[in-house]
Amino acid sequence: MSKRAGKKAKQENGEGNTSATMSNILEHRRRHGSFDISSPASQAASLMQHAQFSLDDAVPDLKQEDEGSSKGFSELSKKDQRNFLLLVLLYFLQGIPMGLAMGSVPFLLKKADASYSAIGVFSLAAYPYSLKLLWSPIVDAVWSPKVGRRKSWILPIQTVSGFSMLWLGSVVNKIMSAAAETDGSGIWDFTFWWFALVFLCATQDIAVDGWALTLLSQENLPFASTAQTVGLTGGQFLSHTVFLAFNSVDFTNKWFRPASAPGKTGLMNLDSYLTFWGWAYLAVTLGLALMKREERTKEKEGIMEVYKIMWGILKLKNIQTFIVIHLIAKIGFQTNDGVTSLKLLAKGFSQEDLALTILIDFPIEMSLGYYIGKWCQTYPPMHIWCYAFVGRLVAAAFAQFVVAIFPPGGTTTGYLLLVISEHVLSTFMNTVMFVAVSAFHAKISDPAIGGTYMTLLATVSNLGGTFPRYFVLRLVDYFTVATCEPPATAPDAKLLKGDLITQAFSCALEADRHRCEAGGGTCNVQTDGYYVMNVVCIIIGFVTFYGYIKPAVTRIQALPLRAWRLS
């Protein structure tokens with residue numbers, strides 16, 4: 001073959017020039033090639049030993065008869081069952097602070113009259129999950145052989161996280177009050193401490209993602225995304241849904257206290273919740289250190305070598321396409337995900353009803369996460385992802401309809417059922433997309449650089465969901481037009497909760513609206529920024545999906561395995 005022909009073949013397969021540091025990847029595959037000869041993985045390993053085998057071959061049809069069925073948990077080996085449950089536990093712990101930072105705390109801030117712009121500032125606390133790619137090579141390259149490649153990071157990170165939650169639990173009420181009292185000027189300090197806690201969780205996630213690729217046997221690798229979904233969903237729903245329910249005074253008085261002895265607080269408070277899970281983190285870390293041994297590996301790359309590997313991955317054309325897809329894919333859902341529930345509360349939907357809605361949704365999402373993982377073993381995961389994408393856009397439009405028809409007289413039973421249906425639909429489509437893309441990540445990632453590869457893909461996916469949120473929340477306030485009209489006749493001063501309103505002013509921000517109502521005024525909304533931004537986001541979602549995302553996803557899913565490898 002001529003040099004020109006050889007160069008053309010490489011370009012057609014999406015392969016660029018490769019650094020010599022990648023020679024150890026093939027050695028890694030050889031050292032981990034001992035499988036039962038009857039398993040699909042062993043058959044694949046045997047096939048790879050033939051001289052005519054090539055990674056340029058297309059990926060086998062996932063709908064072939066020999067791959068048309070999927071395993072259940074009971075069919076896994078005892079070792080894989082134990083490791084699967086360990087992964088669920090580790091991901092569950094990560095979900096606890098994430099559920100607070102991305103779910104409950106924004107609701108508590110809104111309850112304390114923080115503006116959408118202030119909540120947008122707090123959304124920056126989730127950014128470490130979108131920036132962890134910057135330090136993931138360090139997590140992959142620096143470790144102690146005595147402790148283990150992944151435990152070298154998981155043990156100290158969980159320990160620091162546990163003590164951090166204990167400290168935050170002791171001061172969270174004070175710093176949150178400071179953020180709320182000044183209507184956002186103290187929000188930056190509050191955001192900083194949560195940013196630090198999420199940073200620790202993101203670093204742990206790098207190590208756990210890499211460990212997931214080696215803890216489970218090759219033929220059961222799709223269960224890694226199932227463990228991630230069940231664990232993270234469980235932790236996030238516990239900290240978001242269950243916590244909000246038991247934090248609600250009305251909910252706990254109605255369901256858990258006698259009518260003759262109502263309480264003034266919920267059964268759970270943020271400070272005690274953080275303290276409990278701080279101790280739980282430390283207990284699990286101690287058990288992991290004493291009871292779980294990590295398999296030894298001789299692989300050891302330098303930090304710069306791992307960064308070179310990461311740069312090589314980023315230079316693959318199909319990876320660049322996948323990154324663009326991740327960055328624009330979640331724009332269409334931003335308003336629905338970040339504002340709909342807050343808007344319902346502002347309309348008059350009680351925290352008790354919201355807690356009930358989310359509690360009903362919790363077991364549904366937990367059970368569906370497992371079965372969605374099984375679907376991704378049977379069908380092409382990105383095909384499932386595309387169907388859920390459209391479903392999620394429909395759910396966003398349905399959510400706007402539900403908010404728009406809020407009953408003037410307050411929540412009715414029929415309306416509550418409608419809200420529950422809307423919430424289940426939105427979260428179901430969200431879960432399907434998450435599980436499907438996680439399964440695809442696991443299939444194309446190389447275990448030899450699993451921490452870096454998986455983290456790169458997960459990072460851009462998270463970034464696509466976090467970077468638009470800040471701007472969307474600020475634009476909701478920007479497009480909202482509302483005027484506080486002073487009362488026609490002066491009300492009784494004893495009935496006022498603030499200074500009497502004597503002249504009109506803008507009440508678009510939450511704090512101004514409360515000041516208006518406390519002073520006897522009426523806040524008239526001419527344009528609600530929520531409706532404007534939701535329509536804009538949905539339109540962007542449909543245009544980008546049919547114009548770019550769907551054709552690109554179809555193309556990259558059909559690529560041969562070689563297109564996702566550096567060598």
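Glycine residues also receive a Cβ, built from the backbone N, Cα and C atoms like all the rest.
Nobody curates TrEMBL annotations by hand; they come from automatic prediction.
If you check TrEMBL, you get these features:
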- 1-25: region 'Disordered' (REGION)
- 14-24: compositional bias 'Polar residues' (COMPBIAS)
- 84-108: transmembrane segment (TRANSMEM)
- 152-172: transmembrane segment (TRANSMEM)
- 192-216: transmembrane segment (TRANSMEM)
- 273-291: transmembrane segment (TRANSMEM)
- 384-403: transmembrane segment (TRANSMEM)
- 415-440: transmembrane segment (TRANSMEM)
- 452-471: transmembrane segment (TRANSMEM)
- 530-549: transmembrane segment (TRANSMEM)
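Among the listed stretches 84-108, 152-172, 192-216, 273-291, the one sharing the most Cβ pairs under 8 Å with the transmembrane segment (452-471) is 192-216. Note on the transmembrane segment (273-291): residues 89, 93, 96-97, 100, 151, 154-155, 158-159, 161-166, 168-170, 172, 239, 243 of its chain, located 6 or more positions outside it, place their CB under 8 angstroms from a CB of the stretch. With respect to Cβ pairs under 8 Å, the transmembrane segment (415-440) is most closely packed against 384-403, considering the stretches 152-172, 192-216, 384-403.
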